Structure formats: C-alpha cells, structure tokens
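Taking it in order: structure first as structure tokens, then the write-up.
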Amino acid sequence: MAELETGAVPIREEFLVKQDGNKKRKRKERGQNKRREKIHVKENNALCPAISIGNECPYKENCKFPHDVEAYLATKAPDIGDKCPIFERYGVCPAGFKCRWLAGHVVINADGKYELIKKPDGQFTLFTVNTVGKEVQRKLRTKQLDLSKAESIISAVLGEEKPDPSSKVSNIPEENRDATSAISEGKETESVSLEETGVLKNQTVSVNVDLKEISSQARSNIALPTLRPQEKNLIDWRDRKILAPLTTVGNPPFRRLCGSLGADTFYSEMAMCYPLMQGHQPEWALVRGLNYEREMMRGGRRGILGVQLATGKLWQATKTAQVIAEQCDGVDFLDLNCGCPIDLVFRQGAGSSLLENPGRLLRNLQGMDAVSGQIPVTVKLRMGNKDDHPVVKNLIGRIFNETNTSAATLHGRSRQQRYSKNANWDYIGEIASKVKSMNERIDELPEDSLRTQPLSLIGNGDCYSWQDWYDGVNKGVDTVMIARGALVKPWIFEEIEARQFIDKSSTQRLEMLEQYCNNGLEYWGSDSQGVNTTRRFFLEFMSFFHRYTPIALYEVQRPRLNDRPPLYTARDEMETLLASNKVTDWVKLSEFFLGPTPERFTFTPKHKSNSVEEAEG
C-alpha cells in the first residue's frame, strides 16, 4: 500500500497518478466566497403571464406586458430541445410559450396561430406548500397582522402577567414564579429585556436570582398556557433517515432527489426570523417545500417536513412561529437553530450564540412551543462555542425539564472547531446516555411539568457511509442526521437501507444529475429564468458532488468525509469529468441538460476550494 498523508483517501496504487515531489503544494482555501458576483439573467422581451399559458389576460389593454405571441416567439431564445421533460411527465407544461423546450408541446392551428398542446389527462401535480401570500407579507411589513396570541405568550414567558390561581403552576412559591424565566446557567443574576417583546425598547428589568433558593420545581415550570399531551403531534424519530437543513444547496429539488433515494425527513433552509417578520419575500421563499416531501416514502414511512428558524430574540421566535403555524399548510415541526457558527448569525445573538445564553434559548423554545398549536418544536445544538468548553451536558437537562421540545439534534463539534477536526461522537454518546436516563424517569416528573413526551436525541457529524450511520445509532441516539455526506453521495440513504456500500457508475451518477435538473425545472420553471436558476443551484451542488471517490478505488473500504483523494485515474471518461474540480467542467455538465449558458453568465461557488475558478459561458 502506498504511503498516504493524513486525511488522504486510500486509493489503490494502480489508480494513483505519480506526481513531482518537488512541486509546491497550493495553499488550501477555506470558508465562503462572500463577495462573489451574482448576475441574474432575465429575458429582454417579456410576455404576459396569462397569455403565456394560453389564457385570456384579465387586464386586457391595461396590461403592462405585451400580448403578441408571434412577436415574442420571433425574438425568443432557441429551444434547448424538442422534448419538454415536464410535458413528458405531466402531459402539460406550466411555462407555456415561455418554455425552452416549446417544440414539444406547441402546434400551429388552422388559423395559422401557435397553440399549446395539453394531453386529455394532463395535470401538473407537483404542488408547493408553505407559500405565504403577498397579502400576509404586506400585513407583516405594515404590522397589521393579528399577533395578539404571541404577545400574550411572550408576556407570560417573561413573567409580566400574574398567573391564574387555577393554573398549573399555582403551587409554586411566589418568589420563584418571577424568577423562573430569569435563570441563567452559571450566573446568579440575569437581566430580562422587555425589548424581547418587540414592543418596548431600551427598558430593562433586572431580576436578582439566588440559584440555591430556587426549587427544581420552579426551574421546570413557567406561567404560560401549555398544551395538553394529546394536542401535540407526536413524532417517532427512531431510525428516521434525516436530511439536514443545508443553506443554499438544501433546496426543494435537492431534497426531492434525496427523497427518491431513501430520505424521509426534511428541513427547509435556515430562515432568519427578523426578515420573515418584515415580510421579506426572498426569506419566505426559504420556508417553502413540496407536497412530495410529506407523502409516503420508499421506506414505508410518511415523509415529514420541518421549518428551521434562527433568531436570538423571544418576540421574533414566538411571533414567527405563530405566523407559520397559522399561514403554512405543510409544516410537521419547527426547529430552532442554536448551532449555526456563521459570524453573521452569531453576531446577531442567534445560532450558536444562544449556547452562551441558555435562559434566552429556553425562553425561545417555550414561546415557540406554546404558540405553535399541534406542531412540535425541535432544537439544533453544537457541543459549545469553544473546544475546551462543551455546554450541552448541562443544557440538555434544562431543555428536558423546562421545555416540551420533541427532539434535540447535537452536532459533535464546537463553533471554534468548525469542520477542521472529526466530530466527537463519544461526547454525543454521553449526552445520549443522559437523555435515556431522563426519559426513563419521565413518569416521575411533577404533574405541572411542561414535558409531556420523551425527548429524542439526533446525532450529527461526519456521516458519510452506512457504517457511520449505524455506528452513530449504536452510540445511543435515536437516529443520525446526514448533511455534507448527502451532498457528496445522495444515495447514502440507499446504502443505509441495504447495509452495504453501493458503487454508482458514472452513468448512474449522470442520471442523478439529470433528475436534479428536471426537479429544478419543475420547481423553478422551464422558462429562461427557471433554467438559469436551476443551472446556478446545479453548479452549487456540483461543488460537493464532484468530491465523491468511487468506493471500488479504495484500498480500505472505510471512507471518511473529511478525507481528500490524491490525483487518480478514473475508470472511464465520464467518471473523470464528474470528478473534475474545475468550474468549467461543471458548466459543461450543466449544458448536457440545460443547454448552452447565456452570454453574460458567470459563476463562483459559495464554498471555496483549491479548484474553484470563475467560469464564463
């Protein structure tokens, strides 16, 4: 076996490419291309949306878009192909005359005019869920939406309302009731800002708390209207095949691809609560999903879809949870992100910043759970912010005692560590053991406890094979969440089901890319704008997908996510192209399915690597 540097994939010697030992290694780049240029290519000649699908325009002569179909088609970009993938599947194409595969569903009628074709049983059955309308977004911007339910719960969480004598916490000592929401881990005092209500600013009430005098009963209860056990939907998290929330690349077309390969639990991309409450349309687009994600999956379980939120403020978490619970039609659970390490999120007091403020973290969970109706709430955690200071061992007990959280996901890394070292699954195992012990004593909790269900623990970090998944489950967690591993190898869910490695050929991997593009065209549209959007996200996906090294080339079949292969010779020409780390080759692959790139098209991947170069088409 050839000698390999630490972190290198053990490639069989006959596939290795000999290198000049005197060649200077290029410095590895990390992080994100934060200042990358984004160019949105749009059609120069628009067509009325109603006319484009063969309908009459309700605005008629007052419409701001042209209605001349022949003039539009005369200047329209050439068709990419003569078979529309959407029409072939559904018998109808929602893009109409704007479709870049128009030849597949248009004819010239007896009057010499273009006419769209629709099969007798043609129906576009892919529906988008969790679409919040423009009117709701307008009311959010103008603060006209009724959020009184959230406001009353916020007041209760902050202890601003006197508890009803008949409430579940009436037997808590008076001095402990006001202190309950002000407990902070490792501190004797904490200031509770009224700014968290979203109403008052620059006013602070300080609450002196002696931790030694606060009873355990007071710590596990707050004066707010909790739901009865039967009013919360219960989720069995055991052995679920969970696809992690993935910023930029975790879009509905990618989630649909993973669903076809065995995933059954999905998250939206992380959405920030503040722009959601401002009615910011691009942020609300992150919440959307597909009806497909909640249908029966190949493993025999119904798929579930969650919405992940990030915020550091109680009023944002609670009010956003109310809006989503009341306005969205496809949410199975809400997730509070307390693990995001990104500076932009951390500096706002959100993400992993909440690990340093457990009192605020718990209040956010309490508010979300109380306002979300039947929708359960989950939380995403990291070990801590610093390598030498893990905090979850203490925090998980408070989450169990002081909230009704359905599940907690633990990423076995610190914020400081990012992805530079392997995830600490021994620590995850310790937390799993503690959660199991607490669940065994759930019947011993007082009747006025908020907890009405066991707490599930989901492990996360470095899952790249079926062996990693089962090793994680053997640590005691209910299931393992898969993130980057699914981007590099989307069929990892098939491997878990089969309990063996599956070596996909270059032809099979190319078919996956075609499926991804077709998913994108169905979701974003098969017009020019939809094609360009699909191409952009396809290239982001390729920045991970190209990293796969065929398992047949391994000398030792135990792939690790952070390992990088040395230069090797692939088994065929297409496999070589799929393994290329050049953006120009990724663009070439996109042209197989989406046609030539526009003249002004440029692309810089969000995630840096040695291979990244700007590509122009």
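Each residue, glycine too, has its Cβ placed from N, Cα and C.
Bear in mind that the values here come from a model prediction, so they are computed numbers and not experimental data.
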**Complete:** Given that Swiss-Prot records Pro245, Leu246, Thr247, Gln308, Lys380, Asn460, Gly461, Asp462, Ala483, Arg484 as binding FMN, the matching residue among His280, His411, His546 is His411
**Prompt:** Around Lys380 (FMN binding site), which residues of its chain at least 6 apart sit with Cβ under 8 Å of its Cβ?
**Reply:** Pro245, Gln308, Asp335, Leu336, Asn337, Cys338, Gly339, Cys340, Ala408, Thr409, His411, Asn460
**Message:** Which secondary structure state does DSSP assign to Arg484 (FMN binding site), in the simple three-class scheme?
**Reply:** helix
**Prompt:** Using DSSP, how many residues in the zinc finger (42-70) fall into helix, strand and coil?
**Reply:** 9 helix, 0 strand, 20 coil
**Per DSSP, three-state class assigned to Asp462 (FMN binding site)** = coil
**Complete:** Within the same chain, the residues 6 or more beyond the ends of the zinc finger (42-70) and with Cβ under 8 Å of it are 76-77, 94-98, 113-116, 527-529
**Message:** Give me the long-range Cβ neighbours of Arg484 (FMN binding site): same chain, 6+ apart, Cβ under 8 Å, in sequence order.
**Reply:** Tyr464, Phe544, Leu561
**Request:** Please report the number of other Cβ atoms within 10 Å of the Cβ of Pro245 (FMN binding site).
**Result:** 25
